[in-house]
Amino acid sequence: MQIQDLAIPEPLRQQYLGLGIRELYPPQAACVERGLLDGKNLLVAIPTASGKTLIAEMAMHRHIANGGKCLYIVPLKALASEKYEEFGNKGVKVGLSTGDLDRRDDALGKNDIIVATSEKVDSLLRNGARWIPDITLVVIDEIHLIDSPDRGPTLEMVIAKMRSKNPGMQLIGLSATIGNPKVLAGWLDAELVTSSWRPVDLRQGVFYDNRIQFAERMRPVKQVSKNYDDLNLCLDTIAEGGQCLVFVSSRRNAEAFAKRAAGAIKSEDAALAACAERLLEGTPTEMVKTLAACVAKGAAFHHAGLSRKERSIVEEAFRKNLLKCISSTPTLAAGLNLPARRVIIRDYLRFSAGEGMQPIPVSEYRQMAGRAGRPRLDPYGEAVLIAKEAEQVPELFEVYIEAEAEDVHSRIAEPTALYTHVLSLVASGFAGTRGELTEFMNRSFYVHEHKQGRLIHRAIDEALQFLITAEMVVEVGEHIGATELGTLVSRMYIDPRSAFAIVTTLREQEKYADLGLIQLICTTPDMPTLYAKNADLPALSRMLEVRGADIWLPPPLDDDAAETYYRAVKTAMLLSDWTDELSEEKICERYGVGPGDVFGMVENINWLLHATSQLARMFVPKFYGQIADCEICMKNGIRRELLPLVRLRGIGRVRARRLFNNGITSPEELSRHKKEDLVKILGSGIAEQVLEQLHPSKDTGKKEPPSGDKNTNPGQSTLFHFG
């Protein structure tokens, strides 16, 4: 099917032709034949790199040309940013929405395409974004993640809510290959398009005894290292001019492999040296120093312990073919477009708490294998598993290469998932009686899949009972409605169980303590926590003794609850160190984490502190001011004494501390100093910016930003700028 013959807007056609795209891939042509450009719902379940983005683009531009508006839903913020850049180069207005979860973001409605995570879309629905009814097309990328225990329930509810709000809209689900696509397509009332076609031939095999066994042939691999099969496979690819991705089970393994690969590759490229220098800007941690040393020689590791900036540098260098090899945990396979000639799946067993080492699912193997082969760059792609012994070769073929993908299932019936979604349905006006609630849930993927809803109806009753007891929902006769507390909790996008614990504990306290508040938040379901090893317990116990007066929740008597308790305490200690202005490097060293971990924890608790301050403002006002100040301290990583200074735009933790140590403790004191004094402390650019806020020029028309504005100066050393 030729691009020239398609009913798509002429500007898009010319862009495709300019890029050398003259004919559709077979799966893309099948989508057009099934009604892609005629408003039909579609479920497209095809391999990675088979042209899903172009399928979505054609449909979106068709809608935009007809006056419509499109919503593109992704699972990850990083993928949202990637799609935002990609769609923005096609001559339409694109908006990106991944930020605060209590905002309506009405300005987004000015765009033709809005890109957002499923959590953000759920939040926009809860907060009543005015442009939602204008959406004529919803594209759900990675729709197979409806099976995810963490994110699946939210994605399922977003789809159900959008279909309820906009029954006439078109819906396109983009999926990896799954075992039960007909079931999912049936729920979506969608035409099903499946295919095994790929633009680059994928060869899947198992490595053992210096040979790769493919389905129909054997390929020898030169033995460079006697001890490391993964390294031999990697160097074999590089010798032929290709790049390599190596997937391993842990961060430690990823870093260890990158060091070995760097030692073998030994590149001396000036561009790589420049990448390494960029990584070392600021105050690098030991992890980042290791990464920079690897990058300088042509290899890298990639995992969630790195900051967004560091991951971005690695990804960019790999796309430019500067880096020859990346070793990664499976995070890299989840959505990011980073293909390579050969993908090595070294570790196909993963530790699972309570179950020991378990094989990864077929879907995860396929996600990783799908990264093999760069369209228009590689003649083929190879996905290679590594067998430890000869007997494993046929086993790995059977379990992964020849196996069917797993079915996807609804996760919405989990009681803990239902608490938040039942509350949002009631608070957002989707349901005003138990009957309407049941009727809405009867349209869920769960009920479609199981053909009955007895289990989910019982779970709904359990969730409602909790919400009524927690005073978030009231029931009068047959009517149910959200209370002021319930409405706020739904708007703030936190788990009702978190809100109940926070409000209850705050009401019990006579005296406020930052550490007590941080510890409380770290015990909630919304806050991920650090693993507490046995070796950590003495230090944690000492901290509890020393800071006992500031601890709100004492150790549990039940041994089964001890692990959860000490995880929360350890996380609270890390966050307390952050607000005590301990350097990022020392925090990473003390707690055995990476910059990305610290950033993630600060980002999470900062949102929960914001929600807590709003809960306190309405329901525990005696603590509101202190909690609001704690939120600012956490955002900037500062002690309270710096609060007056960081309210100025351009002043973060480093510059505020520098001013304070020079005897300048407030904006008032700062305004009394001469410009030349401030230049010595802050530098000329920031000094002028700060003075302009304190003494606005009459002829510039500039206004001082509102107190608490986010710092925009990239030189500030907070994790939010490193992020």
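Placed from the backbone N, Cα and C atoms, the Cβ positions cover glycine too.
For reference, Swiss-Prot has these:
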- Gln28, Ile46, Pro47, Thr48, Ala49, Ser50, Gly51, Lys52, Thr53: ATP binding site (BINDING)
- 33-196: domain 'Helicase ATP-binding' (DOMAIN)
- 141-144: motif 'DEAH box' (MOTIF)
- 230-416: domain 'Helicase C-terminal' (DOMAIN)
- 695-707: compositional bias 'Basic and acidic residues' (COMPBIAS)
Counting other CB atoms within 10 A of each CB, which of the binding-site residues Pro47, Gly51 comes out lowest?
Pro47
So which of the binding-site residues is most packed in, judged by how many other Cβ atoms lie within 10 Å of its Cβ, out of Gln28, Thr53?
Gln28
Using DSSP, how many residues in the motif 'DEAH box' (141-144) fall into helix, strand and coil?
2 helix, 1 strand, 1 coil
Taking the residues Gln28, Ile46, Pro47, Thr48, Ala49, Ser50, Gly51, Lys52, Thr53, which the record names as binding ATP, find the longest CA to CA distance and state it in Å to the nearest whole number.
13
DSSP-derived class (H/G/I helix, E/B strand, else coil) of Thr53 (ATP binding site):
helix
I need the neighbours of the ATP site defined by Gln28, Ile46, Pro47, Thr48, Ala49, Ser50, Gly51, Lys52, Thr53. Which other residues of that chain put their C-beta within 8 angstroms of the C-beta centroid, in sequence order?
Tyr25, Pro27, Ile55, Arg198, Pro199
What are the non-local neighbours of Ala49 (ATP binding site), defined as same-chain residues 6+ apart in sequence with CB under 8 A from its CB?
Arg198, Pro199, Val200, Pro339, Gly370, Arg371, Gly373, Pro375
